[in-house]
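Okay, structure first, notes after.
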Amino acid sequence: MELAMVNLSEGNGSDPEPPAPESRPLFGIGVENFITLVVFGLIFAMGVLGNSLVITVLARSKPGKPRSTTNLFILNLSIADLAYLLFCIPFQATVYALPTWVLGAFICKFIHYFFTVSMLVSIFTLAAMSVDRYVAIVHSRRSSSLRVSRNALLGVGFIWALSIAMASPVAYHQRLFHRDSNQTFCWEQWPNKLHKKAYVVCTFVFGYLLPLLLICFCYAKVLNHLHKKLKNMSKKSEASKKKTAQTVLVVVVVFGISWLPHHVVHLWAEFGAFPLTPASFFFRITAHCLAYSNSSVNPIIYAFLSENFRKAYKQVFKCHVCDESPRSETKENKSRMDTPPSTNCTHV
């Protein structure tokens, strides 16, 4: 589901949209829309760069050495975020830049559908990562048999299949509508309003609330276990496990904050009288931008909280400079620079 599908100023509801707060035009569009487009542009640029860098770092593991389950889940999260940024934000930006929908029926269905798929893949992947951390720390003796690449890949496949299935009603009910004023809008239309209410509730419960509760449960167990076992762990092992848990926990908290306003808007619009005021307009736009920004903040979190990722980032740039260095370098330097980064560099 997409914020623009509710009866909001983007015009994707079942009734004529109310006018947004009056503002002076700037470059042919309203000031609010112009600012929103600038924010979209920043989110897009930061997200594409950051997620591409994360994918590059994780892809440069030593040949023949299996990737950690944590890294596979992070890789899946980055791929979903990057695909969303590339396939959704540029098209959705036209809603703010143009007075009518010009991209056709397929794009209308696809961007709203993939928006929901990406949201679900993200939360389900974060839930899987929390379970992975729980098994690694609380059940460390059994984790070696459970936390293998094969199981992680099966989990990733299941996450995508479940997300694609859960988002299918969005693609089915998203339609183009034409007005007498020669304007076209990409709207969501459900023949039965009760079905739409049920879908909104199910998406909130199964695509937000329950995964967050599972995540909270796993991290409560992890923190309790670390507190009890603190004295029996080596300082290096203790610091490594705490840092990994901290990184994933921050990613989860940011996700929860980023998507909560989105769900509040949808539930409010379906079950209450959503006010059409300048304040509510600002809240909707803020919810919209927060939801989009979640796809670009995870690489920043890795960079600030994970020392191993920072080292891996530097290694990527170092190898890039190395590849473009003159061939007249000594054999010793060339051999050292051409060595691929160790897999340990990418273990968050």
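Yeah, the Cβs are placed from backbone N, Cα and C, and that goes for glycine too.
When the topology recorded in Swiss-Prot is consulted, Leu226 and Leu305 turn out to share a side of the membrane.
Record source Swiss-Prot places Cys186 in a disulfide bond whose other cysteine, from Cys108, Cys216, Cys218, is Cys108.
Note on Asn7, Asn76: Swiss-Prot annotates N-linked glycosylation site at Asn7; no matching annotation appears for the rest, which is not proof of its absence.
Asn182 (N-linked glycosylation site) sits 17 Å from Cys108 (disulfide bond), taking the CA atoms of both as reference points. When Cβ neighbours within 10 Å are tallied across all protein chains shown, the highest count among the recorded positions Cys108, Asn182, Cys186 belongs to Cys186.
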